[in-house]
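Asker: What Swiss-Prot shows for this protein is this:
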SIGNAL    1-32  signal peptide
DISULFID  Cys135-Cys136  disulfide bond
BINDING   Glu209, Asn293  Ca(2+) binding site
ACT_SITE  Asp335  active site, proton acceptor
DISULFID  Cys418-Cys447  disulfide bond
Amino acid sequence: MNRNTPKARGASSLAMAVAMGLAVLTTAPATANDQLVELAKDPANWVMTGRDYNAQNYSEMTDINKENVKQLRPAWSFSTGVLHGHEGTPLVVGDRMFIHTPFPNTTFALDLNEPGKILWQNKPKQNPTARTVACCDVVNRGLAYWPGDDQVKPLIFRTQLDGHIVAMDAETGETRWIMENSDIKVGSTLTIAPYVIKDLVLVGSSGAELGVRGYVTAYDVKSGEMRWRAFATGPDEELLLAEDFNAPNPHYGQKNLGLETWEGDAWKIGGGTNWGWYAYDPEVDLFYYGSGNPAPWNETMRPGDNKWTMAIWGREATTGEAKFAYQKTPHDEWDYAGVNVMMLSEQEDKQGQMRKLLTHPDRNGIVYTLDRTNGDLISADKMDDTVNWVKEVQLDTGLPVRDPEFGTRMDHKARDICPSAMGYHNQGHDSYDPERKVFMLGINHICMDWEPFMLPYRAGQFFVGATLTMYPGPKATAERAGAGQIKAYDAISGEMKWEKMERFSVWGGTMATAGGLTFYVTLDGFIKARDSDTGDLLWKFKLPSGVIGHPMTYKHDGRQYVAIMYGVGGWPGVGLVFDLADPTAGLGSVGAFKRLQEFTQMGGGVMVFSLDGESPYSDPNVGEYAPGEPT
């Protein structure tokens, strides 16, 4: 099926790279999933969000390191031709870079031998109504790659704001299949980066701010046929709960709670969408993700714990069966949508036992670490001592001990709630440095006032029920009045090894490298590199626009590059993007980022750096006009 008209402009060595991968695996496992794992092991590639299934956003490359990072210079750049927020990161496989954009969700394949040359582009025709029901700008978080097999060539997958998932030929850009995953008539859109496991491509859903009931769906990579769909709320059979669901931790809750923790049919419009990042452990065959906030935001309208919104899930990829779910914020009152990054590591716990861990910095201001084989809660630490809605998380029960002063009930206008609805962490993809055993966290340092109100549900319209005022916080601490932080966190000890303040939220995330560097980006348009041991700032560069994507690195022809998608927008940028002035507009974000327009403006693209700016274009003959070429 081909509803688009991609423009093929050349060939690359992508097919050769895949063929080489197959050759390497002839005496080893030969499934496409194993090929993807092997491709991810090569640090020259960046084949998926998070770089590999561990989602550590970590590179073993050391060519760029503490000693020479000051020599980084722009090597080449590419403009997407699209405004609005550019989230996520490009993919690199062999000699190609694949780039996505926010709406209209154009996909580009670029030739790394002649950087920036467009080999093909696939620009869909979408229902423009999708723009009117998008919550917080018309963003998209990335692409997924499947390496192909002896029947089907390699594929690139993208999601579209209008609710479709699309499979494209990675060599030509031709659309292979397209399926409708979400119904924009009820406000359900798609902004998530697809995720490939085995012969499946997984996608979540968006739209909790419009009362959309959340779900994750698995499609056959070759045909687009739906294999399974699992909801976050409702009857157990629709949640795909395994027979032994939460058996190791029955205190988390087990059966029938997707109905019993809601009043009446409120679960049908109860949110729990998942538009964030996934991780996967092939050894236990579980993938991990978070379900988001319940709907509406006004907690008075939905009594109960509202399971299974706000949960960390461990599901079997093949069947979709949930082995465990841990609800972090029962009966969420603050829009602490729990869809943030899941990073996998193997570390010794405090008793010296080696554990397979999952670490998740949540919007509610807590960093959770679980045993990813069974869901055991290992630790739950505050990201910052200003987190005040919760006093502590009890490790034996998993429950938060709340401070009622910062609740959002109808008879109480709560003030100085920390964090704000944006969370102390949001969509940024953070990183884990396995050498130093620390997580590099990008933080939003924003608090809020909250005033709830009642409203009816109307399909396809916003279903929030609260007016928010946000500001850098806490207001009483002038020396910590910046809106962002970068921190190095030890999940075993609970310590922050170092932390640095930023003017604006570190919305885009971090990348750690074996060169002893932590790269990250800022809303006012900087990409920075800090010493991973000390936090000292070693290098920075001002980009053409603010950044809400996250850094990546790759190697081509023996040279390491660092790349970043830039383009301000997303929730923190809606005031700038849509020219809003009311501080409560943009669900409260306009007030928090009122100064952003003093530092950056819109514009989308990719900037690539190398030592001394070296690239294929260091040879001035590369890319020059060749007599006889078509014009």
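Easy rule for this one: first residue shown is 1, then count along the chain.
The backbone N, Cα and C atoms fix where each Cβ goes, glycine too.
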Asker: What whole-number Å value do you get for the CA-CA distance of Cys135 (disulfide bond) and Cys447 (disulfide bond)?
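Answerer: Approximately 20 Å lies between the Cα of Cys135 (disulfide bond) and that of Cys447 (disulfide bond).
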Asker: Say you check the Cα of the residue listed as 'active site, proton acceptor' against those of the recorded positions Cys136, Glu209, Cys418, Cys447; which is nearest?
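Answerer: Considering only the listed recorded positions, the nearest one is Glu209.
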Asker: Which of the disulfide-bonded residues Cys136, Cys418, Cys447 has its Cα nearest to the Cα of Asn293 (Ca(2+) binding site)?
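Answerer: Going through Cys136, Cys418, Cys447 one by one, the Cα closest to that of Asn293 (Ca(2+) binding site) is Cys136.
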Asker: Between C-alpha atoms, which of these recorded positions comes nearest to Cys136 (disulfide bond): Glu209, Cys418, Cys447?
Answerer: Glu209
Asker: Could you round the CA separation between Cys447 (disulfide bond) and Glu209 (Ca(2+) binding site) to a whole angstrom and send it over?
Answerer: 20
Asker: Give me the CA-CA distance between Glu209 (Ca(2+) binding site) and Cys418 (disulfide bond), in Å, as a whole number.
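Answerer: Spelling it out, the Cα of Glu209 (Ca(2+) binding site) and the Cα of Cys418 (disulfide bond) are 21 Å apart.
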Asker: Name the residues of the same chain, 6+ apart in sequence, whose Cβ is under 8 Å from the Cβ of Cys418 (disulfide bond)?
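Answerer: When sequence neighbours closer than 6 are ignored, Cys418 (disulfide bond) has Gly365, Asp384, Thr386, Val387, Asn388, Trp389, Phe406, Tyr424, Cys447, Met448, Gly473, Pro474 within Cβ distance under 8 Å.
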Asker: By a simple count, how many Cβ atoms lie within 10 Å of the Cβ of Cys136 (disulfide bond), its own Cβ left out?
Answerer: 21
Asker: Determine the Cβ neighbour count for Glu209 (Ca(2+) binding site): the number of other Cβ atoms within 10 Å of its Cβ.
Answerer: 25
Asker: Name the secondary structure element type, per DSSP in three states, that contains Cys135 (disulfide bond).
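Answerer: The residue in question, Cys135 (disulfide bond), is coil (DSSP, three-state).
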Asker: What is the total of other Cβ atoms whose distance to the Cβ of Cys447 (disulfide bond) is within 10 Å?
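Answerer: The Cβ of Cys447 (disulfide bond) has 25 Cβ neighbours within 10 Å.
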